[in-house]
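For reference, the structure is listed below as structure tokens.
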Amino acid sequence: MKKIAILTSGGDASTMNKCLSTFITYASKYNCEVVFVKNGYKGIYDNEFVKPDYTETKSWWSLPGTKIYSSRFPEILDEQVRKQMVDNLHKNSIDTLVVIGGDGSYKGARLLSKSGIKVIGLPGTIDNDIASTSYSIGFDTSLNAIVNSIKEIKSCMDSHANVAMIEIMGRHCIDLTVFAGIATEADIIITPESFYTPQQLLAKINEKRKTNSRGIIILYVELLLGTENIPTVEEYIKYIQANSKESVKKNILGYLQRGGNPTAMDMIRASLMTEHALKMISENQYNKIIGVDEFKVVSYDLETAINMKNPSRKDLIDKFFN
């Protein structure tokens, strides 16, 4: 039986708990024993290895956040700190370390792998900034939270014909901003790839007014405005209001984007990736990063499409119910 340690690292993401629940549920099927590491990489250093309670962990499947907690641990860059972490993993007879986190967490896993630790990575971050997967765990939940907030803001903007500038999380990844903009039919998005100066933004707003738009929704990605000689959002608003009759309202959604109840699709993807991690461990595959590839639009001839058969779900039934 292989003993695997699981930790959640970096920023919390809804559906991390679903991963933990799935690991507990299916570990025995793959002849694995699971222990949790509290507080991310710091927990390895502090020797916070805990044996999970099966019944309690099974109840976590729909809870947001991470019940084994997370932390930032830049000390992992120190060789002596890593040596202590490796020693603690060996003392606890850990065969494979599973890291649920983002890009920074993966870099930590790579450092430990170079010290001889077998690692598996699962993409857990709302930012969707991991190039090896189309969707990261928590992204869909965060996106839905953003969409719901925009809908509520839009109704207020429509009532008064105001402009809303809404900051969206994502660090240096624009996916939440772009996808939320598509979903809500936002009027304008501001990203490094679709950038507007205050003057250009006002011109764009004026264009929208010509189409009889009332409430105007502008989404901008965080960590852009106010950096590298770019005006702050307050300076954007000041310019627009000084040079027009527009009333502009600043909104920062902040942590509302991170703590929502997991969506069904997020939980399904988390389950699929977690089960695949267990399968890989049972097959002695390690130093791997798991992801999904789903961003593809296809088309078929009419006759071909009509004659196509719906896919069998037997593989899913076998994975999760047999």
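Numbers run from 1 along the shown chain.
Yeah, the Cβs are placed from backbone N, Cα and C, and that goes for glycine too.
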Just to be sure I read the record right: T125, I126, D127, M169, G170, R171, K249, Y255, L256, Q257, R258 are listed as binding substrate in Swiss-Prot. Which of E193, E222, E283, E294 is listed for the same site?
E222
According to Swiss-Prot, R72, F73, G102, D103, G104, S105 bind ATP; identify which of G11, G181, G215 is listed for that same site.
G11
What does DSSP call G104 (ATP binding site) in the simple three-state scheme?
helix
Residues satisfying Cβ distance under 8 Å from R72 (ATP binding site), sequence separation of at least 6:
G10, G40
Could you check the binding-site residues F73, Y255 and say which one's CB has the fewest neighbouring CB atoms inside 10 Å?
Y255
Residues within 8 Å of the G11, R72, F73, G102, D103, G104, S105 Cβ centre (excluding the ATP site residues themselves):
S9, G10, G101, G108, T125
Among all the protein chains here, how many other CB atoms are within 10 A of the CB of G102 (ATP binding site)?
26
Looking only at D103, D127, E222, which of these recorded positions has the biggest number of Cβ atoms within 10 Å around its Cβ?
D127
Taking only the Cα atoms, work out how far G104 (ATP binding site) lies from T125 (substrate binding site), in Å, as a whole number.
10
